[in-house]
Amino acid sequence: MKPVVVFSALLVLATLLPGSLQRNVENPDFKPNCLVGGPDIYDPTQAEKVMWFDVNLDLPPRQRFQQIAKAYKNEIRAVFDVLNYFLTIIPGVNAWELIGNVTASALDKGMIMNPYKDEVLGIAEVLEVPIGNLVFLNIFYEMSRFCTSIVAQTEDNKDLYHARNLDFGQLFVWDIAAQSWGLTDALKKVSVNINFFKNGQLLFKGSTLAGHVGVLTAMKPHKFSLSMNAKVQPDLINVAKWYMGAYENTDLQFVMYFERWLFENCDTFQCAREKIAGVKLLTGAYFILGGVNPGEGSVLVRNTTSVQFERKLFDGDNDWFVLQTNYDPDKNPLFIDNRRDPGNACMNKLGRSQVSMKGIYTVLSSKPTLNKTTVHTVIMSVTKGYFETFIQKCPNPCWAF
């Protein structure tokens, strides 16, 4: 019965994420506010506040992420505390402990592949937390990334910029005094950048959350870049089946681990695109991919087995940029979560001639693309090798999510 209870907990989480009321109308309480054309808000020195770490992939897996866990031990445990407190909404059940126990059992059965299993075990040793809860946290990140990603080509076709807002924490304990979500604030404090090394050479750069062994946003300099946005309605049935052991001895992959595998095994935009199209996934997702050559920008809409749709740069109406939130291209966003239309309008106001680190940062700092759940903004220049992460804050009046 325990997996069933865990699935019930997941359903509670899912129902608190937007999943209905799809209407293409403007939120009457908060008007979009595109900052393009206003004061300069881009300050690259602010990106220095997000720490960089080196992860040596030649080390034994248990050792690879331990330095990050040591540096952020208290902050990661604070994320645990928020989730534990939130899950008390299920009466009569210690849901956080139960989820940890069931997930630990799945780990013992080999349902998390190596080297990721051993990497998480190494982090748990440092944090002194239940391994099952740490694994669940990694899985939860896979299901619940509410984000905005952009790939844009400059007017001279020499540069391509890829950026994303990581939105996470909606409806997880509202702090009345701070006017913010407790989980979002906790995740801001564990945002980190990582240089991944192999054979003494820089393999790729990534942004993630301390305690997580996947990557949320990443770039192989002068090769390709990738961000992944979750779907508004995650494949919870598949996750429940995974908990019940239905996918043992299959080649289904977690998106969070596949993303990292991609950067360890591909050197080109085309290789990444082919692997994304062919992999079998536990949950569907939006893969936003950028390259170094003119026109190398795509959004691949994936279900668990195949590509449902692909949007490309310079393909019909998409023109010089593509912007993806958490909705299929043929579906209207929630009327309380319409980041897509204001984001597209702000990009068009920016114009192709102003595509740059500064320009894209300004768009992603405009409401409602910026909202109360925005943890951080990552901006990458694949062609120049730039990678910057900014902790965000949305001043009132601001969308709650």
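Note that Cβ sites are derived from N, Cα and C of the backbone, with glycine treated the same way.
Curation plays no part in TrEMBL annotations; they are all automatic predictions.
The active site, nucleophile annotation in TrEMBL covers Cys147. Taking all protein chains in view, 26 other C-beta atoms sit within 10 angstroms of the C-beta of Cys147 (active site, nucleophile).
Taken from TrEMBL, the feature domain 'Acid ceramidase N-terminal' covers 49-109.
Here the domain 'Choloylglycine hydrolase/NAAA C-terminal' (147-294) is broken down by DSSP into helix, strand and coil counts: 36 helix, 55 strand, 57 coil. Annotation comment: TrEMBL describes 147-294 as domain 'Choloylglycine hydrolase/NAAA C-terminal'.
The signal peptide annotation in TrEMBL covers 1-22.
Broken down by DSSP into helix, strand and coil, the domain 'Acid ceramidase N-terminal' (49-109) contains 42 helix, 5 strand, 14 coil.
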